[in-house]
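Everything below concerns the one structure shown next.
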Amino acid sequence: FFPQIVSHVAYLSTPVPDIPFYDISQVKQDNTTSKQREIMMKHSWDNYVRYAWGKNELRPISKRGHSASIFGSMSLGATIVDGLDTLYIMGLDEEFKQGRDWIAEKFDINSATTDLSVFETNIRFVGGLLTCFALTGDIMFRDKAEEIAEKLLPAFQTQTGIPHSLINVKLGAASKNYGWASGGCSILSEIGTLHLEFSYLSDVTGNPVYRAKVDHIRRVIQGMDKPRGLYPNYINPKMENGANHHHMSMGGLGDSFYEYLLKAWLQSGREDQEARQMYDDAMHYVLLHMLKVSPGGLTYISDMKFDRLEHKMDHLACFSGGMIGLGAHTLKNDLSKRYMGIADAITNTCHESYDRTATKLGPEAFRFTDAIEAKALKSSEKYYILRPEVIESYSSCGDLLKIKNIETGVGKLFR
């Protein structure tokens, strides 16, 4: 299986067989487009190697490693680990070997001296390494992934088994939540976005502890009170049924919890009926209570705060067009046609959030009022950070022309 969603533009250019989440082989492109993307990837990689090798990220203007990222100043090679599967899929074998050898010889999770995000460490490092193992069969990747996952386990030592958001690898059991997270709560998207990697890790190592941890999370979440059938973004790890119901969202804080329910079902060969039922029920209530259509005809999923709709949609929430489309496509029933129509409509709204800006690149969040639609209003929303969600939904609809338009816009910024 392929435990991490394809989220890089580069993945869309090369057919890859036997990936259960997205049939890339159905995407038809000319050789020129594929070559252009290979050049873009190689250009990015070569400059990372030249200016920031082993660092987590590259600051492209100052040409230095970025020490203020979510992984701090430690040389954990986040760009290497997270991008290595893309190199492999694109056939950049020399670069892949270069990164593989660095991981084997240099990567050490124990060098992390500050708090690490359990969620980010899982999706970037555990997911990245397991993807490379799934693609190559190289057990070095599997063993490194398990080494990291083992270091995350103390975060699960709470009264409910709901993990904390942060873990200090050096101190072991020292874990905690973000101070801003609603009175010390854990976050729905973060605790829900562990299932694919941890269950797959148990499958390939034979160690049941990882799957047991995420199965327990699911049972706790499933048993919570859910007013209006909606899952809350904040969950207290210290008390049973300790959810804070003042905020629900398909964007930040909620997003990938829903994505991982659908993909857990797909990852299981469609045998994990619990995951599919939870996904279907969640979508029913989200679309019932939070789906809106603007006066101008744009369909969007609103946030809900304190039982009132906030007519805002995050760029992060734009993944939902692709997710709802994937859900409709993979389980044909009486709702499939309606849900596919909703998926197309949401994706079109996210396209409009791009098309209505001067640069044709979408904002971090956009709003709907009597005066404007699908535009950012606050200065804190008027930025673009290479998020993949809109491209993911475009690819679900097979709209490669729109993907090319985004690539052109990004290219102009850095030309």
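In case you wondered, yes, glycine gets a Cβ from its N, Cα and C as well.
Annotations in TrEMBL come from automatic prediction, not curation.
According to TrEMBL, the feature active site, proton donor maps to Glu120, Glu364. The active site annotation in TrEMBL covers Asp255, Glu389. For Cys318-Cys350, the entry in TrEMBL reads disulfide bond.
Nearest to Glu389 (active site) in space, judged by Cα atoms and limited to the recorded positions Glu120, Cys318, Cys350, is Cys318. Sequence-distant contacts of Glu364 (active site, proton donor), defined as residues of its own chain at least six apart whose C-beta falls under 8 angstroms from its C-beta, comprise Asp314, His315, Ala376, Ser380, Glu381, Lys382, Tyr383, Tyr384, Ile385, Arg387. Spacing of Glu120 (active site, proton donor) relative to Asp255 (active site) is 14 Å (Cα to Cα, whole number). Distance from the CA of Asp255 (active site) to the CA of Cys350 (disulfide bond) is 15 Å. With a 10 A radius on its CB, Asp255 (active site) counts 24 other CB atoms from all the protein chains.
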